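> Would you mind keeping the following structure in view while I ask a few things?
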């Protein structure tokens, strides 16, 4: 400062802030866990005799041996075409049984057996039509035959048989054939276009035949499998309600088939569409009842059906209300691998954005089984369990329970040390979440020995493991003791290396974590020695806004209270890109860039001059006028720091800062007002500015804040008024006329803050330079003659 300015004996008014550290968790919220279920192999139908009709057998294929080489199939096909109705019926019946065998299926198709069977669907007797449908159903087990059957025109004739058959057997066989044909992707569309869905729905709604309803459910299932438009057709045609009815009143086989069909109709990667399809909860109670008993496979299918229905909070709550959670928790403990996978997936779906279900799932004892799955389950189970633990960890209450459930050695830390790659990823993910939300957790996690394995993952982990490990380390930094422990474990060089070789997420998290570690003075030095500064400066010009933001924050933190880093950061070329970001970047980047420039300018005259000469002043003033509230606050602080240099004061005023600062004093946040007052006080060190500040209307609001402001405003306003009064008679008159003397004397005599009293004394001393004003000050001061220790103003001024 100039020698003239020292006459004011003012306290320093530069501000060096850390600012907010945006500790962003990676937002990888638990997603809806779902997959489509492939169709189960149907029971084979075979024809034994005219009297017995069509029967189900457990394994007809064992009886129907390959007869391709025997030459018996071609004559049967010829007899079917040329024989009498009785002969045709016998020939078709034989082909039904022969077509159970896969070799015979292909041979019948190859020798032209399909077209005459399709023809018989339209021209044969009722019995022949039923047999032809059964034969085509068995032949459709061969993928090539499915296309051949459709090309021969079978689908509309099967739909006609479904509508016109006078026997239940005809409806069953037509439906079963359509179900098998629907395993072909092109056939799905043809069947839907033929009107089969509407016909099936109409029949199944009124049918009392369980075999027919089962076949209809299979047809619905296969039509929906991997086919988005058919899912919509089935829903709009009303297929869901009869399937739900089967869940309520069907046999075990029927319930299983209905559950699978509901699953495949419901499953949609567009979850809004999925939710729209199931806007009721009628199917939930019967599905939950299947979880409580029956075979393991039946339980699996019921859980799959519930996964399909668990599309929104209404269904989450309904599944919980039906009592599913205890059985699902038991499943992830004692079930088969498949049942554990599906049950863990359903529990995960139930807890997403549902605090009540989170609590219930935890209270039912799911946490330890989830941790066990994370250690020993299949890859799918581990993925679901890890996401579930992560989801539970976001709950402010449950994160304590996860830690307390862990015992003396946190199981997650054990998994982090001894698990496979996927387990380590999930363990690091969950630990990071726990560390984010709670100070006690941070201490517990570190005491359990998490830092060494987390640091090891930075070097040897999978890409995902590195991402989660660096995120966890960044969150552990929120405990004051942890940054040193993390640094001592050798994390900093690995984090700096990740900036070069890590994934985009890993880079962003590495920069964030370095910024968090830099809150420790010793770590600032280590980070710089490891070569981080040039890399961080380079990132300031990166295309990723999120990455740039983390680099800006890290540089600001590294500059805070580190004279060496202030110099090194400027030498690394940070000023120009930071100023560029003031002009064109996101609001958050602008806010943090201003803060970082303010830290670089603090207590370093060379940096002040360099920042000003780099054309920072005009964009800073622009932010004072049009920035966000926080940008205005930080711009006022940075301008105040730059103004603590004689060479910059006039340039700042010429850029239009003074009216903008006065505007902030009058109408803004308390922080912005405090910083604007401080900046004006520094600008008033300049003779030209000392005239400009009153012209901008600063004196009345400064005087008002002596009474109305907080203690910081009072102190800074007294300082600014004292500077304005220095060697400027016109300003002294304006200040006195504005009524400054009574509140200044009050602050001098009654303020509990030493800074307020000192700045009030300096302002009064400068105002009392005139004899008239001195008498006004003495008269006002006399009002406090009764104060203890009162000794007049001599001790303060003369």
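Any Cβ shown, glycine's included, is placed from N, Cα and C.
If you look up TrEMBL, you'll see 170-425 marked as domain 'U-box'. According to TrEMBL, the domain 'ARMC5-like ARM-repeats' annotation covers 469-711. According to TrEMBL, the repeat 'ARM' annotation covers 71-113, 112-154, 153-196, 195-238, 449-491, 490-532, 531-573, 656-698, 697-739, 739-782.
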> Looking only at residues six or more beyond either end of the repeat 'ARM' (449-491), which have a C-beta under 8 A from one in the stretch?
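For the repeat 'ARM' (449-491), the sequence-distant neighbours (Cβ-Cβ under 8 Å, at least 6 residues beyond its ends) are 23, 25-26, 409-410, 412-413, 416-417, 421, 424-425, 428-429, 431-432, 435-436, 439, 442-443, 498, 502-503, 505-506, 509-510, 512-513, 516-517, 519-520, 522-523, 526.
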> Using Cβ atoms and a strict cutoff of less than 8 Å, what residues sit near the repeat 'ARM' (697-739) while being 6 or more residues removed from its termini?
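For the repeat 'ARM' (697-739), the nonlocal Cβ contacts are 7-8, 10-11, 13, 658, 661-662, 665-666, 670, 673-674, 677-678, 680-681, 684-685, 687, 690-691, 746-747, 751, 753, 755-756, 759-760, 762-763, 765-767, 769-770, 773, 776.
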> Kindly report the helix/strand/coil residue split of the repeat 'ARM' (112-154) according to DSSP, in that order.
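Counts, helix then strand then coil: 34 helix, 0 strand, 9 coil.
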> How many of the residues that make up the repeat 'ARM' (697-739) does DSSP mark as helix, as strand and as coil?
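Going by DSSP assignments, the repeat 'ARM' (697-739) contains 34 helix, 0 strand, 9 coil.
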> Count the residues of the repeat 'ARM' (449-491) that DSSP assigns to helix (H, G, I), to strand (E, B) and to coil, and report the three numbers in that order.
32 helix, 0 strand, 11 coil
> By DSSP, how many residues in the repeat 'ARM' (531-573) are helix, how many strand, and how many coil?
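Across the repeat 'ARM' (531-573), the residues distribute as 32 helix, 0 strand, 11 coil.
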